[in-house]
Amino acid sequence: MMASSYNAKDEDGHITVTGPGGGTLRSKKPENTAFKQQRLPAWQPILTAGTVLPAFFIIGLIFIPIGIGLYVTSNNIKEFEVDYTGVDMSSPCFNCSQNFSWNSTTPCTCTIPFFLEQPYESNVFMYYGLSNFYQNHRRYVKSRDDSQLNGDMTSLKEPSKECEPYAYHDNKPIAPCGAIANSMFNDTLELFYNDPNGTKVQIPLTNIGIAWWTDKHVKFKNPGAGEANQNLTAVFQGTTKPLNWRRPVYELDAAANNNGFINEDFIVWMRTAALPTFRKLYRIIKSPSNGMMPTMPRGNYTLEVVYNYPVRSFEGRKRMILSTISWMGGKNPFLGIAYITVGSVCFFLGVVLLIIHHKCGNRNNSADISN
Amino acid sequence: MDFSLLRNIISRYCVGEEIWVDSRTVYIGHKEPPPGAEAYIPQRYPDNRIVSSKYTFWNFIPKNLFEQFRRIANFYFLVIFLVQLIIDTPTSPVTSGLPLFFVITVTAIKQGYEDWLRHKADCSINECPVDVVQQGKVVRTQSHKLRVGDIVVVREDETFPCDLILLSSSRHDGTCYVTTTSLDGESSHKTYYAVPDTMAFRTEREVDSLHATIECEQPQPDLYKFVGRINIYTDKEEPVARTLGAENLLLRGATLKNTQHIYAVAVYTGMETKMALNYQSKSQKRSAVEKSMNAFLIVYLCILISKAVINTVLKYAWQWSPDRDEPWYNHRTENERQRHVVIRAFTDFLAFMVLFNYIIPVSMYVTVEMQKFLGSYFITWDEEMFDEELGEGAQVNTSDLNEELGQVEYVFTDKTGTLTENNMEFIECCVDGNVYIPHAICNGQILSAASSIDMIDSSPGGYRREHEDLFFRALCLCHTVQVKEEETVDGIKRGIHQGRPTSFYISSSPDEVALVEGMKRLGYTYLRLKDNYMEILNKDDEIERFELLHVLNFDSVRRRMSVIVRSSSGEYLLFCKGADSSIFPRVVSGKVEQVKARVEQNAVEGLRTLCVAYRRLSQSEYEEACHQLTEAKLALQDREQRLAQAYDIIERDFVLLGATAVEDRLQEKAADTIESLHKAGMKVWVLTGDKMETAAATCYASKLFRRSTQILELTKKRTEEQSLHDVLFELNRTVLRQRSISGLSVDCLDFGLIIDGATLSAVLKPNQERANPSNYREIFLEICRNCSAVLCCRMAPLQKAQIVKLIKASKEHPITLAIGDGANDVSMILEAHVGIGIMGKEGRQAARNSDYAIPKFKHLKKMLLVHGHYYYIRIAELVQYFFYKNVCFIFPQFLYQFFCGFSQQPLYDTAYLTLYNISFTSLPILLYSLVEQHVTMETLKREPSLYRDIAKNSLLRWPVFLYWTCLGVFDAVIFFFGAYFLFDNTTFTSNGQLMTTNTQMMFGNWTFGTLVFTVLVFTVTLKLALDTHHWTWINHFVIWGSLLFYVIFSLLWGGIIWPFLNYQRMYYVFMQMLSSGPAWLSIILLITVSLLPDVIKKVLCRAVCPTATERAQSTRPCLTVEPSTIFMLSQSSSRMSF
């Protein structure tokens, strides 16, 4: 206690030197600089009703048109949604959803007819949507090995601990490891257009360009991607497929540039969604090159589903969504409404402030005079 | 406590078999006692090294770490860090480890640097030269090499290097004079005595021949207690034993005065000296802001814990069904599954704690410390607080209290030297009612003496003539002034400067100097004290010689001093001067009435008065007095008491000669300063040891009391007439009645209270009678509360501290400030919340013990009204803003838990979590808290009433805190749900059109977090920008710079596959987000919405009920007539248009 209490000063930084010969030669006159004298030239704005009023009106005037624009654009976007979970008895997929088992070798298919009331122009985007699926669960989000997905050979053979319990199966490393990969969406969706003349035309679906370019080309790489003629089957030798997958990773797609880790369906799935209800891009329906015909004309369609993905156990839902896009993305009325609301509120506040400003300004002035 | 105990045990253990004995034996000159003498147990003593440093090179790291983690905040962060290391938590340990490491390192460096300075200071003390007698020669050595038993030579004006027993001095009577200013603050000279057996030693050789031992008690901190015995061995005889007392012990830190040199032997050295034992670290003062900050912290800790508890409970409620707990796509590992559910729940709770722990930010402590440390430089840099005369500016001794300067409610000020200049000037004297006024000095030259005496009453008479002669001689003789030739004192410089070698007077009391100089102007010049004869040059240029027989020193109890002299004609005369109250009762003849009237008149004018009396002693009377004095002086026990008795007997039966008046001028702008303090809503109390009339006059002059002030007196005179009880109640009634009449407008009539020391102690004394003890106290406080100014006179130093303590403890707990310049103010400076020392004439004692030191009283105005105000608003914003920005930061994470199955999934990336407080949002607020000026300095100085706006910690009260917290929660809700509605069930995507590939890409959870985070960073930074009223180029640079830094960092962070990371989740997330039109639109929208309520609140408050500060801000444009301001504005606008 004594030793610790015997200090010139305890916590601060200024020590006075005392004792014999401790006369301190102290500072001379402080420098007269603007900074040291706290006299730096400064702009001194004050938020008064007077200065804020124009800002409010301007915000109002800018936001409302933007909002209207957004709202109109959003409304022009056509969107169609089909729930094919098969919860109801009447649903065509009811049987598939009831009789689901991981081990069944014969795929269960179901067919859902639907009717598009409006023709869909330009590119149409086809999504699958899941609800009540917690892709953002912490245990789930971290259950992946990014270096394995980046083509690292050691990580391929020794997946990260984060992948547990989806890292090894039968003492073989799982490629791709982790819960995310293991639970990859594996329903196959196909669209048919029922021509009025009775023929059933399959609509061509593109599965290229649905993932981020950087993901496909930089972040995700097949192991040994640098080699000249890589054989994916050989590269993945010694690993095993994720438990729930029907095919190994090197058989995801026939095309070499869409196989293995760089399969775009896989990449899309690997980007974990933010919320438990989400949709992911499945396919793109390119507009026909001649441009005269709408991509999807008004009429009857059939959705053929190979029902592989169980969601009933966690009360989930599966949907197929068709949507066109605009410059602002997909259908999103929220942004437009929000802009209109905020703009109007600002405008309204501007008016209120104007009144207050006039009233109080006068009162203050009179008060000043009386002083 | 336990530490010292441990130390003792260890030191004892190390000494080995040594037994802890009650006394120590010192061998003078290290000579063993002759054989046959009592065998002493040898003891080991520390060397004379003073250690004020905390650490050594070796123990710095462990000890410093230990001390740092004793702080509750650091400990909290350490625990969080350890939890992160041990259990599987959502964020990596780096997120809390890195900031903690940073904080600890910065603090350690700062403390290490301070300790290094202390080491240096210690070194300079320990290595200062000391002369030691060894083998009959004087050897120069370093102070720290001094050991117990060494014989030390100390010369005049040197400081004693350790506690010494006086052996002999250059004075014949074996005495020496010492001032103990640096020990106890008493500036008077004290006499110390040598033992008669050793006082004859004159040379080193003689001293060295001494063969003696000293037995004394072990060191103890009481400065005035010492018990010892010296055994002197002579060759043949029995050893002579003499008792030693406190009057033989010279204490380290005291200074030798008026004695050429002394020989003394060291008994206590180093850390065992009484000074070292007495050195108590100042109790750490904590500011009100710090207290509210801690209160807020506790609130946030509760919020944090409740958040974690809520989430844990909800988590287990939610995952009751196994399909939610472990759906097929998301299994636990076997290990986890086997864990007991209670352990799992507890781990989850800890994980939530870790996830939300950022709500209590590490960086706040660092920022606050930095703000205080750096901010205090503005005080030292302030040119306006620089005093040309002293060559010194304001000094900051502690930066912890900067903001407290803006919270002062009570100012306690000393009078002499603080309000007044302590520059005494002789004004007049009166002899038997006849007034003499010396003419003013012109350019240092004294006008001819003959013309200077103003003969008011020219009635001749031997009686009058005689008194006049005696009076002037009395003033020339009755003092302890010393005459110094110029060269000997201040070097040759001033002598040359003056052109001629003159002598001047020095004394511990400026009054005495003023009196002797006044006498000089009236024609009687005190020349010198030579061989015990005082020489006076009288009006007729004749030298008169008086033999100085005895000096009865001044002390503050007697309040007088006397000398006994023998005139050339062989007469014995006793001259006495002192305070009127101590002289008049002892006067038997003289024109008491006239003198008394004059004294009172002078006192009313604010002059310091002294009365002069004399007594003629017959030979026998003199001999008796002489006998009494010598007896008392030689007494071994109770010397002080016996001397006082002797003085009391001798100093009586006076004949009154007259009185003197000395003026102590008010300090420059003292009145203006006090007026400003009053306007700022502070109550100013003057605490002085002076008498009531003088003090009251000063108070009027300094505008503490105005003509309109109704004075309430609570003095001894009144309490003698009525009982204290009645007086108190009567005053209380007066005050209350006035208040009830005037109703709301209390200001129209203010009260001033005058109380004296005696009455005060009666009020404070625990009451023995029927009334309960605190009753008087309460009434007194009630009266004081209604008085705008209070004058306490006749105060003892300790009473000053008592008053401060009393006010501090009253039920409003007001913030007090004490300002003083002398050693007698130290107690109150230490007691008050803020202690300010004036670098005055009475030494630097007050300045050294203060928290802030200023050269003049007038600087208090800028210190409080400008610096205090600024520091307060700055730190208040700093504290509130820090909590606000962390609510904004963490609350979205809390909300996110509801959408991710309470799985502790962090919303933001690790890098964002870590850097948010450290780099993205730290600099703007730090800069704000250093340079913000919501109102210009000129306005603050011109309108002291603005100070009232921030009184009572107004910016950190609970409603304000609640507002900030609600604002934070609101903003957080906006951020989160804004992003939520964009993502929820809609295709919130990036439009590929901006990119080369024509695709639609989906956003994941990291984009969601990044969007929220971007809005967050921009909002909190812009919120600060809205609060900034003073945009210098640095503000622009830092605010826009830190936003830019965020963007650049994010681009970089997402732009590269970082090889050292095991995840790449942020890869291209930020760029993809920016390539999406809706993202831009929503960022703009969310920022606008978040800032809107605060803007509206500000504008509405300003428009509907503006505070004085806000009025001052808005009236500013009208008042910018000053060219400097216009210049500034034009400059800044040109900068803006750049």
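Cβ atoms here come from the backbone N, Cα and C positions, even for glycine.
TrEMBL: automatically predicted annotations, no manual curation.
Taken verbatim from TrEMBL:
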| type | residues | note |
| --- | --- | --- |
| ACT_SITE | B:Asp414 | active site, 4-aspartylphosphate intermediate |
| BINDING | B:Asp414, B:Lys415, B:Thr416, B:Glu512, B:Phe554, B:Lys577, B:Arg608, B:Thr688, B:Gly689, B:Asp690, B:Arg794, B:Lys800, B:Asn824, B:Asp825 | ATP binding site |
| BINDING | B:Asp414, B:Thr416, B:Asp821, B:Asp825 | Mg(2+) binding site |
| DOMAIN | B:42-96 | domain 'P-type ATPase N-terminal' |
| DOMAIN | B:847-1107 | domain 'P-type ATPase C-terminal' |
| TRANSMEM | B:295-318 | transmembrane segment |
| TRANSMEM | B:349-368 | transmembrane segment |
| TRANSMEM | B:911-931 | transmembrane segment |
| TRANSMEM | B:961-983 | transmembrane segment |
| TRANSMEM | B:1003-1025 | transmembrane segment |
| TRANSMEM | B:1037-1061 | transmembrane segment |
| TRANSMEM | B:1067-1092 | transmembrane segment |
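Cβ-based crowding with a 10 Å cutoff singles out B:Arg608 as the top-ranked of the binding-site residues B:Arg608, B:Arg794. Recorded residues B:Asn824 (ATP binding site) and B:Asp414 (active site, 4-aspartylphosphate intermediate) have their alpha carbons 9 Å apart, per Cα-Cα distance.
Note: the residue listed as 'active site, 4-aspartylphosphate intermediate' has non-local neighbours B:Val686, B:Leu687, B:Thr688, B:Lys800, B:Ile819, B:Gly820, B:Asp821, B:Gly822, B:Asn824, B:Asp825, i.e. same-chain residues 6+ apart with C-beta under 8 A of its own C-beta.
Residue counts of the domain 'P-type ATPase N-terminal' (B:42-96) by helix, strand and coil are 30 helix, 0 strand, 25 coil (DSSP-based).
When Cβ-Cβ distances below 8 Å are used as the criterion, the transmembrane segment (B:349-368) is approached by residues 73-74, 76-77, 80, 83-84, 87-91, 96, 99-100, 102-103, 106-107, 293, 297, 300-301, 303-305, 307-309, 311-312, 875, 878-879, 882, 886-887, 889-890, 893-894, 897, 904, 906, 913, 916-918, 922, 925-926, 929 of the same chain, each at least six residues removed from its ends. Below 8 A, the CB atoms of the transmembrane segment (B:911-931) and the transmembrane segment (B:1067-1092) form no more than two pairs separated by six or more positions in the chain, fewer than 3 in all.
The local packing around B:Asp825 (Mg(2+) binding site), expressed as other Cβ atoms within 10 Å of its Cβ over all shown chains, amounts to 33. In the shown protein chains, 26 other C-beta atoms lie within 10 A of the C-beta of B:Asn824 (ATP binding site). The C-beta environment of B:Thr416 (ATP binding site), restricted to residues of the same chain at least 6 apart in sequence and closer than 8 Å, consists of B:Asn422, B:Asp664, B:Thr688, B:Gly689, B:Asp690, B:Asp821, B:Gly822. For B:Phe554 (ATP binding site), the count of additional Cβ atoms within 10 Å of its Cβ stands at 19 [all protein chains shown]. In the three-state DSSP classification, B:Asp825 (Mg(2+) binding site) falls within a helix. In this view, B:Gly689 (ATP binding site) is surrounded by 21 other Cβ atoms within 10 Å of its Cβ, with every protein chain counted.
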